[in-house]
There are 2 protein chains.
Amino acid sequence: MSQQKGFHVAVVGATGAVGQQMIQTLLKENFPISKLTLLSSARSAGKVVDVNGQEITIQEAKPESFEGVQIALFSAGGDVSKELAPEAVKRGAIVVDNTSAFRMDVDKPLVVPEVNEADLHEHNGIIANPNCSTIQMVVALEPIRQKFGLKKIIVSTYQAVSGAGATAVEELMDQTKSILAGETVEPKILPVKADKNHYQIAFNAIPQIDKFQENGYTYEEMKMINETKKIMHLPDLQVSATCVRLPVAVGHSESVYFEVETEGVSAQEIKALLKDAPGVVLQDDPENQVYPMPANCVGKNDVFVGRIRKDIDEDRGFHMWVVSDNLLKGAAWNSVQIAERLVELGLVK
Amino acid sequence: MSQQKGFHVAVVGATGAVGQQMIQTLLKENFPISKLTLLSSARSAGKVVDVNGQEITIQEAKPESFEGVQIALFSAGGDVSKELAPEAVKRGAIVVDNTSAFRMDVDKPLVVPEVNEADLHEHNGIIANPNCSTIQMVVALEPIRQKFGLKKIIVSTYQAVSGAGATAVEELMDQTKSILAGETVEPKILPVKADKNHYQIAFNAIPQIDKFQENGYTYEEMKMINETKKIMHLPDLQVSATCVRLPVAVGHSESVYFEVETEGVSAQEIKALLKDAPGVVLQDDPENQVYPMPANCVGKNDVFVGRIRKDIDEDRGFHMWVVSDNLLKGAAWNSVQIAERLVELGLVK
């Protein structure tokens, strides 16, 4: 870790799948760090992590842990954020929170830098990082909204198990091995660890991510619906979502139908827009079978978009296929990117 | 095989994934067979198949093979059907064809018994069996159309590799083993054997089924669009589709958005309709995490429907999740079911 002039950064949830990616991303992006504090639950505290050749001992996250911290990246579950993020703010830190704890609070910005960076100015100490499946979709839609307006979204997701944590990835791999060996499996984690029933994910598709609300939608689906409206500042945007878990380790895919406000737009115009859009890589050449796939997005910060085509019946309707690494742009990279923007905007004290 | 009074039935493509299921389904359903002729390409001819304890030698399919055949079930590829189905008809057989060869011919009915059985009366010797992903969707939508009308469909599919044949299932399993063992893989079959490039399917999702048309849609997507309109007799129905291949062996899933004509319909009314609909099993109890999944549908003839909920913005819009065994209701069972209906309607000579 470089000792250049920089900031005192804390990562809360440093042993989790996203926390690990946050540390890697801070290093990869050469984020200016003067001191790195790694925090976790009492259970994981004491572990020693190698960060770029330097051994750092993970400490139990407590209110006092944030003394002197300037930027705190939280990814240790909503309860930890609710308890400790205000303590970090009290001690002068600015918090980028990757849980759902504060996302819909009216006084806390929910930010995807490519879409609503300006909202960072209205932070009250805490900036929420949106849900992984929301982020990649709005990155692809924002350039379209800017040019042609946006009226309606219908999205069906194809989500990787790493969104449910490192133990869910282990479950996928162990289960797959067992099934190939002809052994019976006893699912314990997916679809939702804290829910009543658990189902096989290997060679299967589970139409449940997070628990169900009373309206028949899951919390994951409602996150996509509500967060998209907030991030894009479009309270009247029509959004609906169906979220499905797949036997894929890393990389969320989304089949997105959207309607623009402008009439007579061509698929070619949408492609031209996305070709030069920030954070987007256009992979759209059907003749040569070029389209995004989760297996190809792993480890990359970009949002990959392809299969762009006009609806056959609806002049203002289009379809596209959006893929991104859910641990990076969907979580760690978006959080670090927010931190980068905060620094560049002079918002870190 | 029972020697009861019955019909001389031929299965063309008897060694394929669907052909094998057709033989099993004929037996399971106690279809009245007096003689069973199994036909295939020259390459597979000579193989001996055990059919309910009786050994039957597979013969090379030729025009003369159909002498005396009353019902011929074809599933050996479009080219074989185009060449030999007319030969079978010439010799007095009625053909149920599971390829795409005749589906959009105006003089040939495209039939899903639960939807348009009456069209069987207008056959000219050949009845087309629709595409697997189309069948399960229209079975779920027809009761809704009858009661509330149907205006629009937007479907995203989650399709099993067995739709691409038995060798594709082998590729999925072999690839999965290799990846778990840390070995590199060389994809050879999926997404489309006859296309230029082949991609990893294990732990991945491929947004291509069948080749691409010039309009950016795949043939699979256009099949869903065109066949749905034909089967439901709704030429003005708005249908759009995105078809995606998953690392699942058997069982297609579909995220279906649809708009009805009637205003003010509730999700509860849709559920009540589907609870008693022919060929449909309702699995819809979010509180207890009851919804359809491909791993649970294998070997069953039914179409399983769940996750039924009203769109949050569109009064006439609904979402549902539709799962079925693509080799059974999507292929073999629908073909045998057509044959059963032909017998019951007195249309077999």
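Keep in mind that glycine also has a Cβ here, set from the backbone N, Cα and C atoms.
Pulled from TrEMBL:
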DOMAIN    B:8-123  domain 'Semialdehyde dehydrogenase NAD-binding'
BINDING   B:THR15, B:GLY16, B:ALA17, B:VAL18, B:ARG43, B:SER44, B:SER162, B:GLY163, B:ASN326  NADP(+) binding site
BINDING   B:ARG103  phosphate binding site
ACT_SITE  B:CYS132  active site, acyl-thioester intermediate
BINDING   B:GLN159, B:ARG245  substrate binding site
ACT_SITE  B:HIS252  active site, proton acceptor
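All features noted in TrEMBL, drawn onto the structure.
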| residue | record | Cβ within 10 Å |
| --- | --- | --- |
| B:THR15 | NADP(+) binding site | 19 |
| B:ALA17 | NADP(+) binding site | 22 |
| B:ARG43 | NADP(+) binding site | 9 |
| B:ARG103 | phosphate binding site | 22 |
| B:CYS132 | active site, acyl-thioester intermediate | 28 |
| B:GLN159 | substrate binding site | 25 |
| B:SER162 | NADP(+) binding site | 25 |
| B:ARG245 | substrate binding site | 26 |
| B:HIS252 | active site, proton acceptor | 29 |
| B:ASN326 | NADP(+) binding site | 30 |
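Among the recorded positions B:ARG103, B:CYS132, B:GLN159, B:ARG245, B:HIS252, the ones whose Cα sits within 10 Å of the Cα of B:ASN326 (NADP(+) binding site) are B:CYS132, B:GLN159, B:HIS252, in sequence order. Mapped onto three states, the DSSP output places B:ARG103 (phosphate binding site) in coil. The predicted model assigns the domain 'Semialdehyde dehydrogenase NAD-binding' (B:8-123) a mean pLDDT of 96. In the three-state DSSP reading, B:SER162 (NADP(+) binding site) counts as helix. For the residue listed as 'active site, acyl-thioester intermediate' paired with B:GLN159 (substrate binding site), the C-alpha to C-alpha distance reads 10 Å. Among the residues B:THR15, B:GLY16, B:ALA17, B:VAL18, B:ARG43, B:SER44, B:SER162, B:GLY163, B:ASN326 said to bind NADP(+), no two Cα atoms are farther apart than 26 Å. Cα spacing between B:SER162 (NADP(+) binding site) and B:HIS252 (active site, proton acceptor): 9 Å, rounded to the nearest whole number. In terms of DSSP secondary structure, the domain 'Semialdehyde dehydrogenase NAD-binding' (B:8-123) contains 39 helix, 32 strand, 45 coil. Counting in whole angstrom, B:THR15 (NADP(+) binding site) lies 22 from B:GLN159 (substrate binding site) by their C-alpha atoms.
Among the binding-site residues B:ALA17, B:ARG43, B:ARG103, B:ARG245, the ones whose Cα sits within 10 Å of the Cα of the residue listed as 'active site, proton acceptor' are B:ARG245. DSSP gives B:ASN326 (NADP(+) binding site) a coil state; it is part of no helix or strand.
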